[in-house]
Structure formats: C-alpha cells, structure tokens
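Per TrEMBL, the features are as follows:
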- Glu207: active site, proton acceptor (ACT_SITE)
- Cys105-Cys129: disulfide bond (DISULFID)
- Cys117-Cys198: disulfide bond (DISULFID)
- 1-19: signal peptide (SIGNAL)
Amino acid sequence: MMFSAAFLVQALLASAAFALPSSKDRLASRRARRSGDVARTRQSKPVNIITSPQVSAAVGNASHPEFSSNWAGAVLVASTATYKSVTGTFTVPTPKSTGGSGEQCASAWVGIDGDTCETAILQTGVDFCVSGSAVSFDAWYEFFPADSFDFSGFSVSAGDSVTVTATVISTTEGTLTIENNSKGTSASKTVTSTARLCETNAEWIVEDFEECEGNDCELVPFANFGTVEFTGASATTSSGTVTPVGATIFDIEQNSVLTSVSQSGSTVTVEFV
C-alpha cells in the first residue's frame with residue numbers, strides 16, 4: 001500500500017501530539033528527577049552577577065540594586081568568617097504561569113554563602129511550580145556543590161507559613177531545618193561536605209534554580225510567584241544577632257527585570273514584576 005508524503009507527515013505529527021505528557025506526567029517526571037530515578041537533578045547555584053545590566057540601577061525599590069540571572073533578595077556580606085546561622089519566615093505563594101505550556105518554577109530559601117564565597121552554600125527552602133492548572137511544592141535542603149534533596153514526608157501547601165533555618169556546625173557541616181507553622185510540623189537534616197563554607201554571606205533569596213544532566217545545567221522557566229516576604233529575617237554571628245539592614249540587594253534580570261526587592265528592618269520583600 002502506498003502513502004503520500006503529506007499523509008506520512010500528518011501521521012507523524014499526530015502521533016507526536018498524542019505522545020505529549022500531561023501536566024500530571026510532567027509533575028511526576030520532575031518528582032522522579034528529584035528522587036534520583038533519572039539522570040536530571042535540581043540545584044541551587046551561587047549568584048550569577050550581571051556586570052553590565054541592560055537597565056538602570058534605579059529600577060526596583062532599592063536605590064542601587066545589583067542584578068543577576070538567578071537570585072533576587074538580600075545578602076549580607078562580611079570580609080571574614082562571620083555568619084553562624086540564618087533564618088526567615090515566609091508564606092508559600094501560589095505560582096502562576098507567565099505563558100506557554102511547560103512547567104515554570106521558583107524557589108524561596110535562606111542560606112549561608114554563595115555570593116562572595118562561591119565554593120559552597122548551606123541552604124534550605126521551598127520550590128513552587130506550576131504546569132497548566134496544576135501547582136506543586138517541594139521542601140528541600142542542599143549543601144552546594146552537592147545536589148538538593150527533598151525533606152522526606154514533609155508537605156507544604158500554598159498559604160502555609162514556613163520558617164527556614166540554616167546553621168553552621170563547622171565549615172564542612174551544618175544543620176538545615178524547616179518548620180511548617182500552619183501545620184505544626186518540622187523536619188531537620190544535618191549534612192556534610194568536602195567543600196568548605198566561608199561564613200561570609202547570609203542571604204534571603206527567591207531563585208530561578210537549575211536542573212542538570214551531568215554537568216549540563218539550565219535555568220528552569222521562571223514562574224510568576226507574586227510576592228515572597230521574609231519576616232523575622234536574621235543572622236547570628238559570634239557577637240550577636242543582626243538583621244538584613246545594609247544588605248546587598250539583588251534583582252533578577254533575564255532580558256528584562258523580573259523582580260523588585262525591598263528591605264526594611266527584619267523584613268525582605270521580593271515581588272515578581
């Protein structure tokens with residue numbers, strides 16, 4: 001039996017359309033990647049500073065923000081080992097799509113290092129993703145340069161108040177804790193690394209994180225997360241507790257500026273614009 005070239009092309013296109021994964025399939029695939037069932041992994045990364053932003057430094061609520069492709073938020077910077085822990089509380093947002101059919105995500109976290117110290121980050125937070133009408137949330141911990149891992153059996157939902165804390169035990173060991181204040185649950189993990197913390201940065205961040213296949217990593221499509229407000233934001237040092245007052249402010253620029261960050265007292269506000 002003979003088929004025309006046009007018929008064969010239409011048949012191939014139709015079979016490809018039927019093979020497209022549903023929103024549930026995409027969410028299941030991401031969860032499989034996060035559990036290590038397939039080769040792709042999830043990582044937060046050090047800040048990728050844009051040295052020549054395409055916009056004026058007056059954009060946003062900060063008078064002189066810096067710009068990066070992946071971090072939005074506030075970072076305290078010290079010249080020597082200073083920060084022993086960092087904490088903050090935020091309400092988990094409901095992510096919204098900015099268009100297109102693929103999954104989009106963002107992540108809110110606190111951490112030690114990752115700006116002027118590029119060798120390691122001790123961090124914990126929550127990812128929020130949207131695919132079609134489906135949203136999902138993952139609570140995770142990471143001691144970069146290792147991959148992130150989900151807290152087993154710990155659930156978060158949109159509207160939950162969560163408190164996240166990263167505590168340094170030594171330059172190669174730390175404890176990462178998340179509390180769901182709305183559900184009355186908590187989880188904690190002590191982690192070690194061959195990489196060494198500098199203890200020179202404390203941060204409160206909304207990130208466009210990466211997914212990696214081997215050494216090949218790319219930013220996930222960035223979701224409209226609305227607003228993430230870190231309250232009770234503080235870091236401990238050997239001489240006491242400090243707030244983010246005087247912190248370096250970062251906004252995300254990806255062709256255009258996607259965030260607006262402000263800081264007042266112990267509150268850091270990150271808005272999608």
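Backbone N, Cα and C define each Cβ position, glycine as well.
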Candidates Cys105, Cys198: member of the disulfide-bonded residues with the richest Cβ shell (10 Å): Cys105
Spatially closest candidate among Cys117, Cys198, Glu207, the listed recorded positions, to Cys105 (disulfide bond) (Cα to Cα): Glu207
Cys129 (disulfide bond) versus Glu207 (active site, proton acceptor) - Cα distance in angstrom: 12
Cys117 (disulfide bond) and Cys129 (disulfide bond), Cα-Cα, nearest whole angstrom: 28
Other CB atoms within 10 A, centred on Cys129 (disulfide bond): 21
Residues near Cys117 (disulfide bond) in space but at least six apart in sequence (CB under 8 A): Leu197, Cys198, Glu199, Thr200, Asn201
Cβ neighbours of the residue listed as 'active site, proton acceptor' where a neighbour is any other Cβ within 10 Å: 30
